[in-house]
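Features as listed in TrEMBL:
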type     : residues : note
TRANSMEM : 6-27     : transmembrane segment
TRANSMEM : 39-62    : transmembrane segment
TRANSMEM : 68-86    : transmembrane segment
TRANSMEM : 98-119   : transmembrane segment
TRANSMEM : 160-180  : transmembrane segment
TRANSMEM : 186-207  : transmembrane segment
TRANSMEM : 219-239  : transmembrane segment
TRANSMEM : 245-264  : transmembrane segment
TRANSMEM : 276-295  : transmembrane segment
TRANSMEM : 353-371  : transmembrane segment
TRANSMEM : 422-445  : transmembrane segment
TRANSMEM : 479-498  : transmembrane segment
DOMAIN   : 597-626  : domain '4Fe-4S ferredoxin-type'
Amino acid sequence: MDNNFLLSYLVVTYIILMMFINFWIIGHIVIKEYVNRRVVLFLSSIILYMAVESIALGYIVFHRGEIFIEPILLLFASVPLFLSSITKNMIVRLKSDIISSLLLSGVIVFDEISMGYLYSSAFGPHSYNPFIDSVSNVAFGIMMIIDGLFFLFIARVKNIIEFALTTFTISMAFLPSLFIEFPKLVQLFSSLVSTAIMIINIIMLYLIEIKRVTFQGQLIALSLALFDFLMMLGLLTFASFNDMWLISLSVVISMMWYFIAVLYEFPNKRIEMKLRYPFIFLVLINLAELSMGFGESVFGFNITNSVFVNAIPTRSPPSNPFWWLFPINPLLMGIEATHATNDLVINAILTSYMFLMATTMEPFYVIMMGIEMSYLVYERYKKAKNLSVKNWALIIVLGVPIFTVLIPYYTNIYVFGMSGMIFRVTLLSFTISIISVIVATILFGRRAYCNAVCMSAHMWTNIFYDQFKPKRSSRVWEYVRWTFLAIMLIAFLSYIMIELKLLAPIKIGMITLDPLNFYGMFTVNYIWWIFYFLTPFFGAYSCARQGWCGFGTFTGLFNKVLFKIRAKDVSVCENCETHACDMACPIKIPISDDILKKGYSNRINCVGCGDCIEDCTYNNLEIIDIISFIKK
Ligand code: SF4
Ligand code: SF4
């Protein structure tokens with residue numbers, strides 16, 4: 001038998017045996033619940049002996065290292081054994097004993113890095129340094145998958161926190177850095193699998209954040225959001241600069257936290273749900289999503305173009321079968337803007353704009369956010385009592401793939417803010433789509449646009465963002481909205497005039513501005529996104545309440561034709577003491593006042609979310625639109 005083959009066979013056998021013994025020991029300790037601290041120390045040394053033997057084997061056999069490394073490592077592995085001999089007998093509950101949980105977590109992580117070291121010494125990669133090589137191979141990924149499944153299997157209670165921890169660790173197992181030795185398309189595929197699992201993980205974190213008002217729930221939701229962000233930042237630097245440090249470090253830190261979280265039970269006491277928890281969560285999760293969108297788009301763009309086009313163009317050509325998912329490279333767009341003009345300040349503004357906009361308008365980012373938000377809208381559907389609110393929740397879910405992905409990206413029909421990314425919008429299609437929006441909003445009110453087509457509906461009408469309703473509004477916004485509408489009309493008019501060759505295109509340095517796309521993208525992918533990020537401060541639907549979405553105000557004008565929120569019986573409102581409708585409205589429309597004056601409310605800023613109908617104490621509200629006329 002070939003020597004190399006025999007050696008490889010021995011390495012694989014050693015790793016499998018070592019994993020088997022480790023899981024047997026750890027499972028034994030965890031299942032027992034109550035353990036003697038001395039036993040934990042003793043067993044930690046057993047695990048460490050196997051770990052240091054892996055290092056010694058890899059170092060001496062494959063790197064031709066000095067043999068004296070072995071006694072030094074064995075001495076290190078004996079430290080817990082020595083401590084066990086001087087520690088008093090003490091029975092502790094493992095999940096309540098931070099010392100035992102921390103020790104075991106550290107030992108397991110060290111053990112898995114050691115196995116990764118042995119594997120990489122035998123099979124590669126050998127391209128970086130020992131630490132990076134140890135955590136950048138498939139053996140390390142397989143261990144993480146087994147960890148996730150094993151701890152889920154032995155968990156006494158299998159609740160959403162356990163599932164979130166499992167998906168968290170399994171998503172790490174598919175990070176592309178672990179497939180560095182494989183062909184580029186395999187790396188891309190693994191990275192897509194990793195982000196798909198992370199999307200499931202993020203949805204679970206949202207659900208924990210909403211439902212768990214306990215210290216443990218908040219800690220898990222916030223910490224996993226932070227580590228998801230760290231990992232995605234690692235993916236971003238790996239995709240952009242081929243840097244392996246951050247992604248490798250983030251994996252090891254995340255693993256350490258994962259083991260602490262499964263081995264230690266944090267207090268499950270109820271806590272007061274203050275705004276700061278959802279706000280920190282929202283910031284972390286959005287940073288994770290942005291980094292994921294940016295990193296995955298750069299990675300996908302570079303890999304697919306280098307494999308299928310044999311070059312790195314500025315835009316993916318049709319010969320790249322993945323052009324529809326990775327049409328542009330946000331990194332290249334940002335870099336291009338750094339020298340767009342001779343003015344440093346303008347360049348800095350353009351660069352920040354390009355980085356953010358090119359990330360948030362990438363199909364990958366929109367699809368990822370669409371999946372997450374749709375699930376949260378579906379949760380709203382399950383919770384809603386009123387049939388019309390339920391039906392609209394379903395329409396919103398259907399609206400994601402149709403109106404925020406398929407139509408704006410893959411046709412040249414104008415859907416505010418997203419179009420023109422892949423296909424240029426023509427004057428004819430622009431006109432037809434504006435007329436369609438007008439007809440739809442005449443028939444169903446502003447909700448036909450704001451509550452089904454625009455991505456705001458997916459973000460702000462869902463079970464998580466629902467909690468950020470402002471307490472009051474200001475009359476200032478009533479006037480501000482007309483300014484934004486005027487700016488939008490000027491942008492649209494300029495676009496029409498440029499298309500008709502009545503006006504020259506606007507140029508800033510090397511960049512030619514299409515007023516239609518600039519206005520749409522600037523509003524939806526820049527202003528909208530910043531307000532979305534700051535939802536806890538500005539409240540849900542700030543676009544409609546503060547009126548900075550000119551297109552929303554435009555569609556709101558047609559609320560005045562057929563659409564009404566009407567009281568079934570005005571006398572019920574006259575005697576109502578709760579005014580729950582007013583409190584429920586995210587736009588802060590004084591609905592009860594309107595009803596007492598006219599019997600209905602049909603303000604321009606009403607997005608038709610249905611919250612007032614859902615929350616009315618006496619189920620006294622209904623929506624009047626074309627459907628109610630047909631039903632009559
Ligand atoms: S909560 Fe219902 S009954 Fe009370 S004022 Fe509002 S619409 Fe009328
Ligand atoms: S009035 Fe009712 S439907 Fe309109 S925005 Fe307010 S809560 Fe939503």
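Even glycines carry a Cβ here, placed using N, Cα and C.
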In contact by Cβ distance (the transmembrane segment (186-207), the transmembrane segment (160-180); 3 or more pairs under 8 Å): yes
Surrounding residues of the transmembrane segment (219-239) on its own chain - C-beta under 8 Å, 6+ positions past either end: 161, 164-165, 168, 171-172, 175-177, 191, 198, 201-202, 205, 208-209, 212, 245-251, 253-254, 257, 261, 266, 277, 280-281, 284-285, 287-289, 291-292, 294-296, 298-299, 302
Candidate ranges 39-62, 68-86, 186-207, 245-264, 353-371 - greatest C-beta contact count to the transmembrane segment (98-119) (under 8 angstroms): 39-62
Confidence summary (mean pLDDT) of the domain '4Fe-4S ferredoxin-type' (597-626): 94
Candidates 186-207, 422-445, 479-498; stretch with most C-beta pairs under 8 Å toward the transmembrane segment (353-371): 186-207
Long-range neighbours of the domain '4Fe-4S ferredoxin-type' (597-626), counting only residues six or more past its ends (CB under 8 A): 384-386, 388-389, 392, 443-448, 450-451, 456-457, 460-461, 466, 481, 541, 544-545, 547, 552-553, 556-557, 559-560, 562-570, 572-573, 576, 578, 580-587, 589, 591
Residues in the domain '4Fe-4S ferredoxin-type' (597-626) grouped by DSSP into helix, strand and remaining coil: 8 helix, 6 strand, 16 coil
